[in-house]
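Heads up, the thing below is written out as structure tokens.
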């Protein structure tokens with residue numbers, strides 16, 4: 001048990017960009033009889049080194065991306081065994097790593113959601129780079145590239161970041177009504193996922209200021225403040241991310257911070273002279289060969305495609321919103337953003353539709 005604990009701690013400690021070594025460079029191996037006589041020399045003091053990019057690798061939803069990873073020996077020598085390559089994804093809450101792919105030579109097995117989307121780049125000797133096609137929102141995060149040559153084992157980490165947008169989400173029935181699992185579900189229903197702390201921090205650095213606390217992917221509850229004020233943590237605190245820390249995922253309720261990336265399709269606006277009810281709006285989108293847009297679709301179209309429309313429209317969750325890229329008179333505040341009319345029970349509006357490419 002102590003050895004297992006020590007090995008686990010070593011793995012957890014290797015989450016930085018520094019290479020992970022098992023601490024031993026094997027100069028000789030005991031023979032099968034266990035009589036202490038040397039069987040053969042494997043590494044002669046050589047060290048296996050795994051190299052990955054120090055800077056994050058950026059991609060977007062639906063794109064293809066290569067996570068670079070190469071290995072060599074110091075001093076240089078040829079491998080004595082078939083090299084085994086293992087890729088895994090680190091989790092935000094530091095629980096067990098998610099298996100992505102294992103490869104020996106040209107033979108490999110991908111796991112879970114990476115099946116059919118992940119393979120090793122076959123581009124030359126000492127290549128261990130991972131190719132991920134059709135990138136998903138959930139692919140954002142840190143990946144460990146591990147190379148095993150016999151008893152020698154080294155690894156390093158690649159940080160994959162999706163270009164996207166974080167938006168706060170509050171359900172129709174009011175503020176602070178979502179436990180962690182409900183927050184996960186509503187973000188998915190809006191074409192998004194729960195944001196990570198890094199994604200929220202990036203959004204804060206780009207100007208996001210929101211006084212309501214919301215769940216993040218690691219089970220913590222936080223909120224971003226650019227302009228300190230009395231009811232948002234106090235006037236005398238510096239701007240930053242306010243944190244309630246980890247909360248009970250079933251018993252505690254807050255809002256959610258959702259994350260969406262670039263669209264695989266387009267968002268467009270439909271209207272009628274008399275406006276539409278929500279049900280009429282859904283049908284109009286279907287008649288146009290599309291579906292009613294989700295909140296994540298609208299935010300992504302505003303962020304990445306510059307969607308600008310000063311007309312309010314229905315969305316799939318029953319909210320009415322409109323995106324403003326170029327602020328102007330009679331279109332809300334002086335800053336760009338997605339404006340909201342809430343969840344009206346009555347009234348007729350246009351509709352934002354979404355169509356896959």
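Including glycine, each Cβ sits where the backbone N, Cα and C put it.
As written in TrEMBL, here are the features:
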DISULFID  211-232  disulfide bond
DISULFID  310-331  disulfide bond
DOMAIN    47-158  domain 'Ig-like'
DOMAIN    165-260  domain 'Link'
DOMAIN    266-355  domain 'Link'
Distance [Cα-Cα, Å, rounded] between residue 310 (disulfide bond) and residue 232 (disulfide bond): 30
Site of maximum Cβ density within 10 Å, from disulfide-bonded residues 211, 232, 310, 331: 232
Length of the line joining the Cα atoms of residue 211 (disulfide bond) and residue 331 (disulfide bond), in Å: 23
Stretch-averaged pLDDT - the domain 'Link' (266-355): 97
